[in-house]
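Residues annotated as domain 'Orn/DAP/Arg decarboxylase 2 C-terminal' in TrEMBL: 20-368. Taken from TrEMBL, the feature domain 'Orn/DAP/Arg decarboxylase 2 N-terminal' applies to 27-278. Sequence annotations record features per position, and here TrEMBL assigns pyridoxal 5'-phosphate binding site to 229, 271, 272, 273, 274, 370. Annotation source TrEMBL lists substrate binding site at 274, 310, 314, 342, 370. Annotation comment: TrEMBL describes 341 as active site, proton donor.
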Ligand SMILES: *Cc1c(COP(=O)(O)O)cnc(C)c1O
């Protein structure tokens, strides 16, 4: 088996397992797919990579060089971006409870846009900006009452979300007053993010239409940011919408609404995370012991919930293969379990695989999003290395954690 023309077995020899592998050709194809299609002649457009899906210097360098903008949700993610000189004017800072320290750090560093999540945060920013005598560009995150999860979406108002502001609320009215009376708050527009792993384009259209409705209240062109959440293929149950169709549909929906209502936009943004990195990522494990119980057959791997918590956290599904045996008959029904002291430490249940031998390599697909970024040191597991492959070459993006690093902060 090869990824981007690099032998997976050779990667195991060179870097060991567990190992995260990213196909750079695939990453670039995803980024370019959005950048090329999410374009309009009527308004500016911007595609942000939501870096919480997978944040490290090398992926951010690639995003930067491809011309992507960036979404960060913490001082840590912002620090990582600044460490590789990501253009500051292309960084958007999200979060429902940004601390004074985080806001000051962002404002000191002249970050392009802060996405304000609630009324109290707006007051905080106004205070910090006044003290620093700086103008702060910001969007307001709206709760547009569209909530989408995977195959379903609901347009009934999910009024109690921890994220965003309701249009019909006292908080919203007060925010507009605060903005009017401040010479430091540079209000630019609105943001919404309706969920993740969404396959229904109508959910995004519904959210966009809600935002476009608010635009009518203003006599200058606004920036609208539609968030991310575009679904990806984990297993054959998932049927993602190609990103050219997602992009074109959103652009056309906006263009049609602008024409109909005779309004203008300054810019339309989207911020995909998962759909940039998920399918470009793989995790490689070594199979150790195997055992049969009355109703199950287990293959044990040398990683687990410490490198991929999603199956344990919310029953996420994955596909896998045994490297070099992809084309063998899949005679076995197997539970792939990790090595953590938790019965819930399962990566896949009911995987169809050929018979394995101790030492075989197991590869799981579509692990590029929320794998490394949600990894933990539970059981004092060492965080795996991350290797990038491109056009037959491989290079280390993050080296494997060492035992010394595991305890270096402990007194
Ligand atoms: C998580 C998040 C995203 C990215 O979501 P994906 O499902 O990874 O595409 C974008 N915007 C905001 C505000 C988010 O919280």
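Each Cβ is built from the backbone N, Cα and C atoms, and glycine gets one as well.
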CA-CA, which of the binding-site residues 229, 271, 273, 274, 370 lies nearest residue 310 (substrate binding site)?
370
Tell me which recorded positions (271, 272, 273, 274, 310, 341) have a Cβ under 6 A from ligand 1; sequence order is fine.
271, 272, 273, 274
Here the binding-site residues are 271, 272, 274, and the Cα closest to that of residue 342 (substrate binding site) is found at 274
Stretch-averaged pLDDT - the domain 'Orn/DAP/Arg decarboxylase 2 C-terminal' (20-368)
95
For the pyridoxal 5'-phosphate site (229, 271, 272, 273, 274, 370), what does the 8 A shell look like? I mean other same-chain residues with CB within 8 A of the CB centroid.
50, 52, 53, 196, 228, 230, 275, 276, 369
Cβ neighbour count (within 10 Å, all chains shown) around residue 271 (pyridoxal 5'-phosphate binding site):
27
Please give me the CB contact count at 10 A for residue 370 (pyridoxal 5'-phosphate binding site), counting all chains in the structure.
22
For residue 272 (pyridoxal 5'-phosphate binding site), name the DSSP secondary structure in the helix/strand/coil scheme.
coil
What does the structure give for the C-alpha distance between residue 229 (pyridoxal 5'-phosphate binding site) and residue 314 (substrate binding site)? Integer Å is fine.
16
Highest Cβ count within 10 Å among the binding-site residues 274, 310: which residue is it?
274
If I take the alpha carbons of residue 272 (pyridoxal 5'-phosphate binding site) and residue 314 (substrate binding site), what is the distance between them in whole Å?
21
